[in-house]
Amino acid sequence: MYRYDAFDAAFVAERNRQFRAQVERRIDGALTEDEFKPLRLMNGLYLQLHAYMLRVAIPYGTLRGNQMDKLAEIAERWDKGYGHFTTRQNIQFNWPRLRDVPDILDALAEVEMHALQTSGNTIRNVTADHFAGAAADEVADPRPVAELIRQWSTDHPEFQFLPRKFKIAVTGSPNDRAVTAAHDIGLRIVANEAGEIGYRVLVGGGLGRTPMIGKVIADFVSGDDLLPYLEAIVSVWNLLGRRDNKYKSRIKITVHEHGIDAIRDLVEARFAEVKPEFSGVDQEMLAAITAQFAPPAFAERSTELFDAAYETDPGFRAWADTNLTAHRAPGYAIAQISLKAHGATPGDATADQMRAMADIARRFGHDELRISHEQNVVLPHVHKADLPEIHKILKAQGLATANIGLVSDIIACPGMDYCALATARSIPIAQSIATRFDELKIEHEIGDLKIKISGCINACGHHHVGHIGILGLDRAGVENYQITLGGDHTEDASLGERTGPGFSADEVVPAIETVVQTYLETRRDAEETFLETYRRVGMAPFKAALYPSKDKDTSRNEARANAA
Amino acid sequence: MPRQFTPKVVTANALLEGDVVYLAADGSWTRELSRAELLTDEADAQIRLIDAQARVDEVVGVYLADMTEGENGPEPTHFREDFRRTGPSNYRHGKQVTA
């Protein structure tokens with residue numbers, strides 16, 4: 001894993017020193033809130049509904065044990081004993097006090113972490129496949145290039161006052177687990193016919209008010225052209241982007257308004273100008289970074305302990321069946337730790353749970369942890385022989401929920417319980433859905449089903465790409481929830497389609513149950529997933545089940561119209 | 001016809017803690033909505049708002065929030081203000097703890 005060099009350490013220390021002075025000047029009255037706000041946002045500090053919120057970057061979702069321990073310490077010392085992992089592989093602390101934030105940032109710096117560019121109109125934390133470096137289906141590890149992009153984009157002088165925020169995601173696998181099609185730039189590592197590694201570049205994806213699937217701007221960009229190519233894209237948008245209208249300022253609108261072909265021409269022209277400025281230093285840096293991401297030394301051991309537990313312990317078997325993914329090394333597995341215990345807040349972990357996960361990573365997992373955009377924690381490299389012991393420890397910490405990829409593994413943004421932008425709550429809806437399906441005991445029967453909930457149109461909960469998406473809105477002073485079906489966050493990304501009128505907070509859980517029951521009655525067999533069924537039969541049966549009386553009225557009206 | 005003025009309180013977040021605060025009749029900031037001053041006159045409300053907005057070293061994001069008159073002081077008319085009054089609904093560790 002990447003370790004800070006002297007430059008990184010000095011840079012973060014200097015930024016922290018500056019921010020400490022800025023906080024002092026705000027408190028003593030030398031800075032107004034208008035002057036202070038952009039400065040605090042540059043350092044990840046928001047003012048939310050009930051308190052300040054500090055968003056800490058977890059670059060490309062990768063953490064060491066001691067970093068997770070530090071997050072636990074921050075949660076206990078300066079917050080209320082927990083943290084919230086987000087869909088952008090960050091962690092948010094919901095209750096810091098302004099005076100304490102400089103100390104929190106210094107604590108983070110002790111373990112090579114920061115909150116830089118987790119907000120503001122800059123290039124944000126670069127996200128990546130949470131199985132990076134471990135997945136069996138991987139072309140190449142996306143983290144070295146993600147780290148290179150982090151270094152290039154941090155404090156990039158041209159890109160500190162962009163038209164709006166800018167998000168980049170990287171996947172190294174054909175199975176896209178990084179939602180690259182819903183980012184301003186999505187990078188997919190591919191091999192060309194000659195076997196050379198390069199990047200397919202998508203641009204103009206994004207969710208929010210105007211959801212768009214990213215378009216391919218370049219099929220293959222070679223490694224040494226990548227940074228100049230990215231610089232060209234951001235540079236073209238920096239000039240064209242709609243600074244006059246906040247709702248039209250993201251690159252997805254720029255691409256939509258000008259067309260991908262026109263944008264591609266402009267980017268190519270800009271690339272020709274920018275490329276000579278890259279002397280090759282970036283490639284030397286990338287080589288050095290890549291060396292730091294060398295895979296751990298995998299051991300050859302028997303998996304007998306795993307096999308025995310799998311045979312005899314049904315709880316372990318259920319967990320292994322849902323929470324493990326194939327690893328590239330024989331005898332190893334990728335284990336996901338669900339932060340979605342039924343009825344709990346999606347993505348939240350207590351300080352004790354963080355310490356337990358850090359300890360497991362140190363003892364059994366080559367000191368590596370990942371945060372997924374699905375708000376779970378990943379042990380990327382664990383030997384199967386250790387899994388029964390790991391499961392036992394997780395169970396004692398309330399972390400052994402066997403529901404990865406199932407109906408209760410819900411993405412939910414903080415919603416109106418915390419967020420100042422929210423128009424409705426998300427967390428209690430997620431809690432109620434998970435609790436309800438746990439009572440029904442049918443989530444294993446339902447199989448692969450992704451529910452994603454956002455508490456406003458900004459779509460932090462990725463509802464557009466949920467198999468079932470839920471969007472909370474304020475309709476005349478009452479919480480109202482729109483349901484979308486058929487979204488997909490993978491390499492075949494698609495946006496969900498609205499079922500029809502929304503549902504009140506009381507109605508939404510029964511409505512989701514209706515959708516799921518309709519799927520169970522409609523699917524060809526147990527092998528056909530929710531998404532496959534939806535793509536085969538379309539919206540009609542779900543709509544009929546959700547709005548029965550209205551449907552009867554409509555058919556009656558149609559019959560009357562036909563008769564007349 | 002101009003829209004009829006509905007009762008309001010002056011609210012904001014405290015600069016140092018970020019807590020939700022309300023303006024009381026004596027000009028102090030209170031964390032309890034029940035102790036907030038309910039403003040029923042539009043001109044009075046605007047003056048209280050302007051004065052409060054000038055207190056930049058105490059609070060952030062001052063605005064007027066709609067309320068009705070309840071038995072125990074002002075009561076929110078919108079669910080957002082209700083959540084601001086009580087804290088998040090997933091844990092009892094917002095204001096509920098001290099309430």
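Yeah, the Cβs are placed from backbone N, Cα and C, and that goes for glycine too.
Features as listed in TrEMBL:
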- A:52-111: domain 'Nitrite/Sulfite reductase ferredoxin-like' (DOMAIN)
- A:119-273: domain 'Nitrite/sulphite reductase 4Fe-4S' (DOMAIN)
- A:346-396: domain 'Nitrite/Sulfite reductase ferredoxin-like' (DOMAIN)
- A:409-546: domain 'Nitrite/sulphite reductase 4Fe-4S' (DOMAIN)
Over the span of the domain 'Nitrite/sulphite reductase 4Fe-4S' (A:409-546), how high is the average pLDDT in this prediction? 97
By DSSP, how many residues in the domain 'Nitrite/sulphite reductase 4Fe-4S' (A:409-546) are helix, how many strand, and how many coil? 57 helix, 28 strand, 53 coil
Secondary structure split (DSSP) over the domain 'Nitrite/Sulfite reductase ferredoxin-like' (A:346-396) reads 27 helix, 14 strand, 10 coil
